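Here the structure comes first, spelled out in C-alpha cells, and everything after it is commentary.
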Amino acid sequence: MDKFRTLFQHFQSSSESVMNGICLLLAMVTVKLYSSFDFNCPCLACYNTLYGLGLLFTPPIALFLCGLLANRQSVVMVEEWRRPAGHRRKDPGIIRYMCSSVLQRALAAPLVWILLALLDGKCFVCAFSSSVDPEKFLDIANMTPSQVQLFLAKVPCKEDELVRNSPARKAVSRYLRCLSQAIGWSLTLLLIVLVFLARCLRPCFDQTIFLQRRYWSNYVDLEQKLFDETCCEHARDFAHRCVLHFFASMQSEMRARGLRRDSAGRGPETPERPEPPNCLDGGSGKAHLRAVSSQEQVDRLLSAWYSSKPPLDLTASSGLWGCGLSHRAPTVVPGTRASPHTDV
C-alpha cells in the first residue's frame, strides 16, 4: 500500500512531462472506451435527442473531472486562491497561469471523445434525425406529419422493418453523417490552428511575465509538497519520542514501586536516572522539528501556516512571521524587557 501511495504521489507531481503523459494516457483510454462502446439509439422521437446529446457530452464531462482529479495542481490552485493573504500577497496572474495549465491538460481527453463522436457520426445522427427538414428528401415529402415523425425517429435503426430497405433512410443518415464529420474536421482544424498560433506567436512577446508566473506556480506546488513531507517527518519523529517518553516514565514508576516494596529488607539503592527522551535519539540534526514538542504547538503551527504563510524573503527576520511555538520562558538580559514573542 505504501508503494502504491508513493507511486500515486509521483504521478501527481508538478513535472510537466509526467502530467503530459497522464493526459496522453487519458486520451488513449478515451479512444479505447469509444471503440469498445456499443451504441444503440432508442429510435423514439422523444428520446433520440436526449440520448444522442447525452452520449456526446456526458462522458467528456466525466473525463474532464477525472483530468482535474489526476492533476495535483488543481488542488494547489484552489488552495492558493482561497488562502488568507497573511504576510504574503496573492498574485492573480499566478492563479490564472495555474488555471490555464490545469484546464489545458484536463480538456485533452474530453476533446478527443467529442471529436471521435463527431467523426463517427452515430451520436449526431441519433440526436438530430428528428430535426431534418423533410422537404429536402422527395420520398419523405409525400408522407403525413405523423408518418414523417415516426420515419425520422427510425432513421438511426437501419434494421427496423419500417426503414430497412428505404432509400430515404440512407439519404437522411448520409446527410447527417456528412454534416457531423464536417463539424468534426472543422473543429479539429480550428484546434490545430489555435495551438499553432499559440506556439508560434508566444516568442514574439515579452517572456518575462510568463517566466515569472511559471516559476512561482512551480514554487507554490513544490512548497506545499515539501510542507506535507516535513509534516509527515515530524509526525513520525514526534510519535517516536512520545513512545520513548512513555516507556521511560513507566520504567521510572516501576523502579519506584519496587524500591518501596523492598525497602524493609534492603538498604536504599540509588536509582538510575532515565535518559531524557530528547537524548535517546539525539544527534540526528532534527532540532527544527523537535522544537515543536506538544499538541498545542503543532496545532498553532498548522494554523499559522494556513492563515499567515511566511514572506518570500529569506533575509527578513523570523520574528515577522514566527508564531511563538515554544513554551519555554525566554532568556531576559538584565536591563531589558522580555519580548512578547518567543522564537523556536
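Think of each number as a place in line: the chain as shown, counted from 1.
Glycine is no exception: its Cβ is also placed from the backbone N, Cα and C atoms.
Note that TrEMBL annotation is computational and uncurated.
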Next item on the list: Look up transmembrane segment in TrEMBL and report which of 49-70, 93-114 it refers to.
Entry: 49-70
Margin query: With Cβ-Cβ distances below 8 Å as the criterion, list the same-chain residues six or more beyond the ends of the transmembrane segment (49-70) that contact it, or say none.
Written below: 11-12, 22-23, 26, 30, 33, 39, 41-42, 102, 105-111, 113-114, 117-118, 123-128, 130-131
